[in-house]
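Down below is the structure, laid out as structure tokens.
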């Protein structure tokens, strides 16, 4: 388908640095990327990140196994000891680092977004720029340094990604809250993730909305450098109702509903305080990424007063929300609803709210100075919970039943910190909760014997004789498996959700053809299962086996006998186990492997292909060989001939590469069909092929052409088939966490 007053947050950002690369940083001897000279050139960098060679523990390192061997109780005890061991270089508020650790964990997980699954706690990306230097993460570098002795003690058995989240849990528990549970298993990354965080070139700026004020693309935060929303209100305007709109939009794009939003904001602001002791100008130094080398990775050095403790400057807002900032309670809800709140400014100049009742002026103990007390405060985003009618109903319900509030926060916190981990099969540790939650995309446990090699041969024969074509079987298997995203480990063939709403209605899956194919595969499944009381096969397995069978037959037609590796063990989910709205976020706007592209795609067809390959965890050669194989197998989503550069569609050959690189063909734009190119015989002018930008990029991009040449060579036949098969199986097994 080719068709007014500067907000305090902004002031702090300017005071710290604009985060725009200074000219002097472009050293004379610094290599410039090709994109520097040719901005429109396709970047393949996303497919080259996080290689096994970047992991100092080595390619064979099994973190889940290491974590499983950990003494979790002892680790939690060590974290708890750290929470109350106040250090002079960063004194703890009220002698307790708990609120700081909660903020660290929250901001680590809170960059997750549902539209592309990127962000989240996995990988421990908060250690790296840009996240470690975002204005909203100011002074969280200290939280990680406080935890370093714990990380140092346990080494490879606890990742930073897990440690940050676990420390947030321990902090909550140490302050009297009962958490829902904790799952380990988040591996660490060793380099910054290449993520599109927005179009802006300066921190705390906003150029990411459409004319209606909605966020564009996959973005979730409302400004560059924020985790969610501006606490002072949209663009610093202290309007609670406008803030409510931003909150609902931003948190919604991070997979949270209204109840979860209220629970998280109220629960998070029950503990701790904001820091804005002084105006940042002239006080606060550069963020970690811009700090001098002797700072050793720490940033935001404050030269005013002691620079720490009572003189701390973080967000610029100042104060605590409750009278017990280190003890869990429902006081936040009471304060929010009981007081009439009036607008004021913090010592740093940030817009915030205090009670109009002077009797409230001494309710909150100072975090560092004995016998000094303050009024509680609220952000504009807090007042939004009171002013927005829907949020207010939830606040009143929680206030009337604090136990309901506690459970709602516990579950919302667990979801926040585990959303990007994928299904429960990836959870590790003694504190994994037993309750199965809908957002975990549950799949039933297998309670039957799996099919044997003999059964597989029998099923392959039935599939071959079913009347289904190679293209139909390949398209169906790909549609099922390629819904997986390695970004948040959602989707995939397991569960056979390709047979359920919403996936069976997606245009990219060609619903009419899909229904026909699945009906025949279900018939094969039913006949097999009827024969045996103990041995069963799932539809999910039959779908993947159908793709394998088709590829074997297509290779045989080219004179190559191969066996596509197949591992049974997938199960079938039900419609009741499938949240339609949630799964619709997996709906592809483009899938270059099937030559599918929509007008509301975030970027060009070639860029969307790279994005899709990245979400499948593919490298450049894997992406390349899969494109060649899918075109040879005639697997375009709509059965079109675009890019099917072969006279033998449905036969697994390297014809796509051979014909694409053939100098006897000259390409030109199709004047009557935007986005389509026509390949003519250079000598006669006869039309030979039609193709899309996704097809032609493998001859146009010098990097992709280099790989295409490998597969177009006369000696590439076996290599092409072997590499295609290996890459195909990789995609089919992306969600088979039981095999890893």
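Note that Cβ sites are derived from N, Cα and C of the backbone, with glycine treated the same way.
Note that the coordinates shown come from a computational prediction; the quantities given were computed from them, not determined experimentally.
So that you can see what the record holds, here are the features copied from Swiss-Prot:
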- 107: active site, proton acceptor (ACT_SITE)
- 269: heme b binding site (BINDING)
- 1-27: signal peptide (SIGNAL)
- 103: site 'Transition state stabilizer' (SITE)
**OP:** Using a 10 Å cut-off, grab the number of neighbouring Cβ atoms around the Cβ of the residue listed as 'active site, proton acceptor', all chains included.
**Re:** 22
Original post:
Just the number: how many Å between the Cα atoms of residue 107 (active site, proton acceptor) and the residue listed as 'heme b binding site'?
Top reply: 14
**OP:** Give the number of CB atoms, excluding that of residue 269 (heme b binding site) itself, located within 10 Å of its CB.
**Re:** 25
Subject >> Neighbourhood of residue 103 (site 'Transition state stabilizer'), C-beta criterion under 8 angstroms, separation at least six >> reply: 140, 143, 268, 272
